[in-house]
C-alpha cells in the first residue's frame, strides 16, 4: 500500500484512566506504594535466595530468577504509568512505545517459560524423587534459566519488526495504560489483519503451549499425590506446589483472556482491567505468595536479618 502521502506519527498519547481524572493523585500514590512494595518484595526474595546457602536448590534457584525478572517486568511499564498520572502531557515517542512493548512482552514471555520450568522441577521432585538429584543438576538449572531468558528476549522480535513498518498517520491516542500490541495496532492507517494473525499465532504458541505443559505437569503431580498413603506426605507434597500453582492461576488467567483471542477490536475497560491484573497485581502478589506460604523463605529472611543485626 502506498504510504507516501501520509505523515508518520512521531509520538503517542497514552490516555491511561480517562474516567478517573478526579482521583489521579490517589491513583498515583496507590500505584507508587504497590510498585515500591513489589520491588522490595522481589528484591528481598532474590537476595535471600542468593545469600542463604540452605536455599541453593533448583526450586529456589527458579524462584529467585522469577523474582529478578519481575523487577524488569514491572520497570517496563509502571514508572511510565506513574509519570503519566502526574503529567498533563501523557506522551511517549514512537520508538519509546515500541521499546516498552518489546521489554514488557519479552520479560512476560520469560516469566511464562520460568513458570513452566518450575512446574517441571516440581514434577521431577514429586513424581521421580529418587532420580531428582541426578536429573535436575545445577548445570541443567543454569541451562534452563539461560534458555528461558534467550527465548523470552527473542520472542517479540517478529511482532515488533512488523508493527514498526506500519503507517501511523493519526489519531495517536492510545486507549490503554501503557503501550501494547492491541491498542497500538488499532491506530494503524492500514489493514492489520496480518499483524493480528501473527500476534495470535505467536501468543498461542507461547502462552497456550507453556500453560498446557504446566497443566500436564500438575496432572502427573496430582496422580502421584493421590497414591501417597499418608496424609502428612500428601500435605508436604501439596505445600511444595501451592505457591507456584497460585501464581500460575493468577498470571495465566489474565494473559489468556487478553492475548489468546483473534480480534481486531479493542475494549477499553475490559482490557485495562486485565492489564492492571497481569502487569501490576501479579508481580505485587508474587513475593507475598512465595514468602507467606513458605516457611523456608521466612526462616531464611530471619537468618539474614539476624546476621546483619536487625533481629536479635
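Keep in mind that glycine also has a Cβ here, set from the backbone N, Cα and C atoms.
The topological domain 'Extracellular' annotation in Swiss-Prot covers 1-25, 76-99, 161-197, 259-271, and the record cites sequence analysis as its basis. Marked as N-linked glycosylation site by Swiss-Prot: 5. Swiss-Prot lists 26-46, 55-75, 100-120, 140-160, 198-217, 238-258, 272-292 with the feature transmembrane segment. Look at Swiss-Prot and you will find 47-54, 121-139, 218-237, 293-312 tagged as topological domain 'Cytoplasmic', backed by sequence analysis. Annotation source Swiss-Prot lists disulfide bond at 97-189.
The stretches the transmembrane segment (198-217) and the transmembrane segment (55-75) do not meet in space: the count of Cβ pairs below 8 angstroms, excluding pairs fewer than 6 apart in sequence, stays at fewer than three.
When pLDDT values are averaged over the topological domain 'Cytoplasmic' (47-54), the model yields 90. Beyond the ends of the transmembrane segment (238-258), by six or more residues, the same chain brings 59, 108, 111, 115, 118-119, 122, 125-126, 182, 207-208, 211, 214, 218, 221, 225, 271, 274-275, 277-278, 281-282, 285-286, 289-290, 293-294 to within a C-beta distance below 8 angstroms of the stretch. Look at the topological domain 'Cytoplasmic' (47-54): DSSP puts its residues at 7 helix, 0 strand, 1 coil. The disulfide-bonded residues under consideration are 97, 189. Their Cβ neighbour counts within 10 Å are lowest for 189. Residues in the topological domain 'Cytoplasmic' (218-237) partition by DSSP class (helix H, G, I; strand E, B; coil) as 16 helix, 0 strand, 4 coil. Summarised by DSSP class, the composition of the topological domain 'Extracellular' (76-99) is 15 helix, 3 strand, 6 coil. Of the candidate ranges 55-75, 100-120, 140-160, 272-292, 272-292 has the most C-beta pairs within less than 8 angstroms of the transmembrane segment (26-46). Distant neighbours of the topological domain 'Extracellular' (76-99): 8-16, 24-25, 27-28, 31-32, 35, 38, 107, 160, 163-164, 168, 174, 177-179, 184, 279-280; these residues of the same chain sit at least 6 beyond its ends, with a Cβ under 8 Å from one of its Cβ atoms. Contact count against the transmembrane segment (55-75) (Cβ pairs under 8 Å) is highest for 100-120, out of 100-120, 140-160, 272-292.
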